[in-house]
Amino acid sequence: MNKPHYTPDALRKRLSSVPFLAGLQDDVLDRLASVGTTQEVTRGDVLVAEGEAADTLFFVLQGRFTVTLGDTPIAELDAGEPVGEIAFFAGGARTATVTAARASTVLALTRSDYDAVAADKPALGEAIIRALAARVVAGNPARPHVELRAPRILAVLPVTGARLPEDFVAKLIRTAALSGGPVRVLSPEANEDASQMRSRISEAEATASTVVLLIPDTEAQPDWAEIASQSADSIALVAPLSAEPQPPAPLQTRLLRGLIRQNIHLVLLRDQASTPILGTAAWLAERPIGQHHHVALDATADFERLARFLTGTATGLVFCGGAAFGTAHLGMLKALNEHGYAFDMVGGSSMGSAMAGGYAMGLAPAEVMDIVDELFLKSGAMKRYTAPVWSVIDHQHFDRELRRVTRSLNAEDLPLPFFAVATSLTRNDITVLREGPLWRAIRASTAIPALFPPMVMPDGEVMIDGGLIDNAPLGPMRDLKPGPNLVMNITRAPDWRVRTPYETLPGRGGALRRMLLPGGKRVRFPGIFSVLSRTMVVNSERLMAHVEPRDDVILTMPPLPKMGFLDWTKGRALFDRSYKVMSEKLESHPASEEPRRGTGPDARLRAIAAELSSGAAHNTARAPRKTG
């Protein structure tokens, strides 16, 4: 760690930018600055280590840090935040490890230093307590996943042995300038020493919401490449998709070291949008990539989406599970697209993964609906039954049809970033599928227990329907990117009761007669699929009820009256009704005038979501659902 030099005025200015210190008088800040020690750290330096004595309190003056429990990132800390305050004031050991995510500056206060200032300046202690309380309230130890933040500084560089294409750079700069906030773009300058490079980057960060550092050639400009990458919160590697992937050179490996995976992007270029996307897996195999992006040089929409990802404003679209009820997602999406809403990444659970996969293929919602009809009505993919040893449905016929409609594409080769969520019976947890055959990811996510056999992956992992654990996978979307999200959920009856007395349920003989003589007297008791469909969403609905919405919006749409979970014959009608309802809502709400970075959720959609959630869209009060 290096000790930088700051004038008293400069240090006071930096301390006043710390949110919970901003209201303190200058004399308190001057006293704090006089006893504290400023330190510079580089990416990968450990500021505090889990388990060590908490005898120093730190304030982040500039830069970013990653907090980890074991090997798992759980938070990112920016300028203006305290580090290690919980253990410092509790008097115990450090509860997590904090590592510099890029070149950063901190102010360190020993316990004796803090006690001296706090005794003389009580306002400091009060400010610290407020910050500590906010951190404890915001904490969620039950979910040890990093809350991603938009990068302040982004480095863009070519893969090993290449240069940044000039036409790509020009279009990216133009698009980034329109992303919604002040953006500064810096390139290497001749005869500039390391100190001047760092100073230029620091000045840019102070005046812009996002700083883009261009590294045209890492081999020809090693000093700029080193300093720019070490100063960046996030790095984007750029390569032609058609090139032969090469292992990273030692310099590039060093430039990426210390970044969490989610902050490493791979941008794969092709000249025209009509050029097929193939071979992405080879590029991903060589590098620790968190997000990859397919960009056609002739497609403005691709550059706009990339700019939103790189500035942390990309909008995610999440489809919940619900079998035939999922056609409501497609109707709502069609209306949203027609009113100018675009989405940068899509994911889903159970049948929501199939809807998401179709949209990620580049198909319009109406085209996906056509495939749904083709798959479930015309081809009868779920109507061919088998001996109920491993499943009820003949999976071979279903798998063939699924391969056909997904065109044997791989998930990583889709033009829009995609994921599917499945339940792993091997790891007792959810699995997020982003690579490999698209049909297999969808098949794993939709493997309803008993209806289908589980999907066994090439490594032997056993997968079943993702809806069992997370039927509306907003959490996985948040784990993959910062920025707002739109969740499409299905409204279900809040109270499900059976009025048929349990004692009247027929035994084996009655069940056989019901199978052999289906026209006989109906027993109004929930069947296997009704119970399965309800079971799959109980845990998910509990999770969604406790989700902090942040900037996300949840749109709900009820199924048609008397529409069953697997009633695909009503899918088209639900699609049409959902499209009509959403179109009317969008027309009745004027477009929001609030500034928007991106094309996702805004005040208009939040108002519509509130109406749909309350049932105002249908002017009906939902009574408890009854069976029997």
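In case you wondered, yes, glycine gets a Cβ from its N, Cα and C as well.
These numbers come from a predicted model, not from an experiment.
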Exercise. With TrEMBL as the source, which of 3-7, 78-82, 348-352 is set down as motif 'GXSXG'?
Worked result: 348-352
For this session: Could you pull out which residues elsewhere in the chain have a CB under 8 Å from any CB of the motif 'GXSXG' (348-352), counting only those six or more residues past its ends?
Result: 318-326, 329, 420-421, 445-446, 448, 465-467, 470-473, 488, 536, 540
For this session: Go through Ser350, Asp465, our active-site residues, and report the one whose Cβ sees the most other Cβ atoms within 10 Å.
Result: Ser350
Seminar exercise, completed: Taking DSSP helix as H, G and I and strand as E and B, the domain 'Cyclic nucleotide-binding' (20-117) has 25 helix, 43 strand, 30 coil
Problem set entry | Inter-residue C-alpha distance, Asp465 (active site, proton acceptor) and Ser350 (active site, nucleophile) (nearest angstrom) | 6
Exercise. Any idea what the model's mean pLDDT is for the domain 'Cyclic nucleotide-binding' (20-117)?
Worked result: 88
Exercise. Helix, strand or coil at Ser350 (active site, nucleophile), per DSSP?
Worked result: coil
